[in-house]
Structure formats: structure tokens, C-alpha cells
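Record features (TrEMBL):
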ACT_SITE  A:Glu45  active site, proton acceptor
ACT_SITE  A:Asp56  active site, proton acceptor
Amino acid sequence: MNRIKNTLAQNTKLLSIYFTAGYPEPEDTVSIIKDLEKNGIDFIEIGLPFSDPLADGPTIQESSGVALKNGMTTKKLFQQLEGIREEVEIPLIIMGYFNPILQFGVEAFCQSCAAVGIDGLIIPDLPVEEYNEKYREIFEKYGLSNIFLITPQTSEERIRFIDSVSEGFIYMVSTASVTGSTKGFTKETRDYFRRISEMKLRNPQIVGFGISDKETYGQATEFAKGAIIGSAFIKHLNSSRKQDIADFVKSIRPV
Amino acid sequence: MSYQVDEKGYYGDFGGAYIPEMLYPNVEELRRQYLDIMKEESFQKEFKELLRDYVGRPTPLYYAERFSKKYGTKVYLKREDLCHTGAHKINNTVGQILMAKRLGKNRIIAETGAGQHGVATATVCALMGIECIVYMGEIDIDRQAPNVARMKMLGATVIPAKSGSRTLKDATNEAIRDWINNPVDTHYIIGSVVGPHPYPDMVARFQAVISEEIKVQLKEKENRENPDYVVACVGGGSNAAGAYFHYLDTPEVGIIAVEAAGKGIDSGESAATSALGKEGIIHGSKTLLMQSEDGQITEPYSISAGLDYPGVGPMHANLFRSGRGEFISITDDAAMKAGLQLAKLEGIIPAIESSHALAIFEDRKFKEDDIVVVNLSGRGDKDLSTYIDYFQL
């Protein structure tokens, strides 16, 4: 959790990358993480593949499907991440749906996260109420920060509530859509970024969904602390493989 | 203890609303309002009139004399197969389209497996002049061409679900994604007692007309409201939820749920969720579902396209775990034979889903004076090609 807080305390706009573990090749997980850090990415979301990713568009769905065919499992991910903290310093967050975590056992999962040095979790289909009632104690016991989402439709009251239970940052979903939209941001969306920033929340906001290039990254971070890119990076991996991670990062945030 | 839903949306350990934040405003709006809207006098009046004049309710409770004689017990069939569009599914779509209108929604989405719920949704959207989009697995579109054509005739847009296994669970995922993308003007008409709370309860309440009528009709025929047993097939479980609803908390009425064993429970090709499922989360609900050890949802199999759902409604998961319900699984072969038999004994060709419920009498014996009500959830017209292939007719 401290790694997340330290990173958020930096006086710069942050860039985060999401990728699906086990994609495109089963053993790519660690090398992608190392390459991302080397190229200046501020923190990473490691996607735990799931058969039925409700909140994801076609790109991440497909990468999850490939990863599962590659034999990726929760257990295997933890095996791959063993020793990662000897080489990588930036915050690492696991993003995954709740069912695989439930089958692994929530406590066993949190324990494994802590053991390999994961700093936080994003579980889109674990609502804040269920988390508070049943799982918060376990997450806190292992020092894991649970990150919640807000959307343009989330009421102010609920945003305040989510802010009150969040530790780390708030994941601000840019537009009403699944991941991977490339339509660009409308004035309405930018007004929403401004509106949230004017709420002066306890936790900084990181924007995700629909960020695919320099322009959308710039718009997203005009008011927010940082932004996350997922689908666009996965498409890039698919087309040009990992040696070009440097090119991708430069195309978003020139050095 | 009640077997109905509690205030937090749970049936025992099962239910809840495990949804991404993007769906929260829509689901929460529905949760806050559905009971009040359903209680409104104008809603009840419109709902009941449509069920009577448009759907053709009440459906008969028919004493199946020759079938009863063969099995040495008294069997009544609740004739949901006589509903407009051929199955019980329309009870729910009529209710939900009225709900959608009161919520001010002008665009309807739905998922469908075999196409029955898609047709029932397209039908009520045509009736109300509302835009209708139905998601259907690419594989199911090929298997169920006549229902695709029916939906198109009714003015619906049918969108193929190309993700995952390209069947019902993926059509449901696509419908949920559509709802995420269209959070303001759209209502999602889920076709079964599945999904996040309040859907399982709302759909059960719309289907509850089935057991409400059984009570009145049985009183007329047998001078008692309660049968000894009520039997229904369970995929997601909407017809069963309707048939059980008013008997859930009446312990003297035995509840029998019939699942599809496919080619046999241990064959690897089955849809018997109570036998093969573990607790987990599917489509926003905590329930029993078929999944790998790693928590990946697996694809079920049944000859009946209406029963091959990898989960089961949370009400039924609770009936199973608590022991309130007796769960029986029936193979493809036994179901097909039971369907053919009903045709010959009673002149009724049942949907293959309903045939599963009829097949239990071969092995599950009842007393001579037991009254057993079987919910005949749908008619077999849609399954003719399967019957033809199976029996070389």
C-alpha cells in the first residue's frame, strides 16, 4: 500500500498500463512488467484472466480467452510473480473478477498477493457494500489497497461514500462503456473530469476506459492524477510484440 | 425461516448483486422501485388485463388421466404451453415491459438461448411499440433459425454474441455490456430468475401467477389448494420459481426440481448444476454454478437449449442447499422418451425442457392418492426438428 501512496505523492501526472497475464504467451507476464517499469510506467495492473469478463470490450475479452487457452491460472500467476520484488519497484495491482478469487479463497488470495508483493486489487464486480461487510478486514490484514470504480452516473453521495472507504486512489471510469472504446472524449466527459476534481476528494483519481493515445491521455490527466491504458496496449502487444513497449510508451507520453 | 428473498437480496447464502459500478445506478433504481411499482393499482390492472386478454390466462390445470393411470398417481399438468408465444416466458416479459415504461425507458435489451425469451420480449416490444435488441449466441442463431425469424418478424434486432462459447451465457454477457454502454434509456429484460438482485425476485413475482392460479384451480377440482408435490424443470429456473412461489413456505407441499443431466451427470456433457456446481458468481449473482477449479465458468450441455445454463437462480440454489427442494436430474434420452410418451398418451407435444419434468415418473414413485402438479412450461413446436432427428420420424 505504501508503494501506491508514494507513487501518488509524486508531483507528476501518472501513466499506468493494464495487461492480461499470460498473454500473448503464457510466460510473458514478468518480462512485460519489467519492460514497463524500464520504460517509465508509474504503476501496473496485472489482469487475472476470466472466462466471462462482463465489464470488458472485445480486446480484453480476447486476450483473456487466449491467456486461459495458454493455461493461465491464479496459481500460475502467483508462481510467475514469485521474486518479482527483487527486480521491480513500482506498484503492482491485480485486476480481476471476483469468481476466480472466491474459488482460490479470498484469504488465501490476499495472503499470496502479500507474499509476492502485490500492493492493491481492483475487482470490478465486488461492490463496495459487500466488500465492507465481508472482506475488508481480510484485505487490510494483508495490507492490500482495494480500488473502487466511479462512473459519470455515480451520484455525488455515493462518490463521497466510496472516497471514504478507499485507500489509494479512485478508479474513474471515463465514459459509460466497457473497456476498449476509441471514440475520444466529448466535452461532456471532460466536464465530468472537472466536476470530480472540484469535489476535492481524499483520494486522487486515476482515469481508465477509453484512453488509447496521447490526446486522450492528455485530456484525462488535465484534471485527474493519472490515467490507465489497457486495450490499446494489448492491441499493440498483439501487433508488434514486446520489444516495442518503449515505442508504445513514447507515443503516449514522450520523454 | 422463509424461502423467499430477504431484504438484502439473498436467499440464504445465495443472491446479492455482484455488479460492476457501471451497472449500479440502473440496478439500484430498479431495486428501490420494483416493489412499489408492482403494487400500484394501475400496474396490477394493466398486468392482469394483458395476461388475460393477450397471453390467454388463466392457463388450464389439466388432469392427465391416461398419464396418471400409467404411473398410478394423480397428475395435473399446468398448461403454460398454451400461453401466447408457446411458453411461460411471456408472463415475465409482459410484467417487465410495463415496469420499463414506468421507469421511463424507451429501449429494451434481452438475452436469449433457444429463442423463447427473445421471442417473448420481441412480442411485448411490438405490442408497446418499443425498440428491441436481442442478444443471441452465434451458435444458437444457427441452431434456432425459426425463432430468429420470428424475432425479426416482430421487429426486433437480433445481434449475434460472438464472444466466449457463443451461447446463452455469452449472450447474457453481451446484454450486460450493452447495458453498461447505455446506462440511461435502456431496460434489460432478463429472462430467468438469475442476475443481480432484484431480478431473481422480480422475475419470480411475475411468474408467480402460475402457482396463484394452481391454488384456485386445484381448489375447484380437488377441494384443496395444496398439491402434495409441484414439479418443474430448472435451467435458470423461471418456470419453476413461478410454480413454487406460493408454496415455498408451505412445507406440506413437496418441491421437485428437475435438471438436465444431458448425456449423464458424469459424462462431461451435462447441465445438472446442483450436482456439478459449486458456489460462485455468475451474471451478478452468488449461486451454484458449473466452473473449473480455477473459477472459470464452464459450458454446460443439454439436448434442450432452454436448460443449458451453467448457473441456477439463487432461489433454487437455496432450495437445494437447505434441502427444501428435491433435485432430480434427467438425461436427454429419458426426456425425449417422456416427451414422445406424453404426445401419445395425452395428445400434447411438450417442449423438451418440460419433458424433463415429465420423465421423473419412471423412477420417482408417488402414492396412489398423491396429487402431483407438473408445470408444463412450453410446447414442443420449437423442438420438432430435434424430435424428428431423435426418433427418425
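Backbone N, Cα and C atoms are what each Cβ position is placed from, and that goes for glycine too.
Between A:Glu45 (active site, proton acceptor) and A:Asp56 (active site, proton acceptor), the C-alpha separation comes to 14 Å. Taking Cβ-Cβ distances under 8 Å and a sequence gap of 6 or more within the same chain, the neighbours of A:Asp56 (active site, proton acceptor) are A:Ser64, A:Val178, A:Thr179, A:Gly180. Taking all protein chains in view, 26 other C-beta atoms sit within 10 angstroms of the C-beta of A:Glu45 (active site, proton acceptor). A:Glu45 (active site, proton acceptor) carries a strand DSSP state (E or B).
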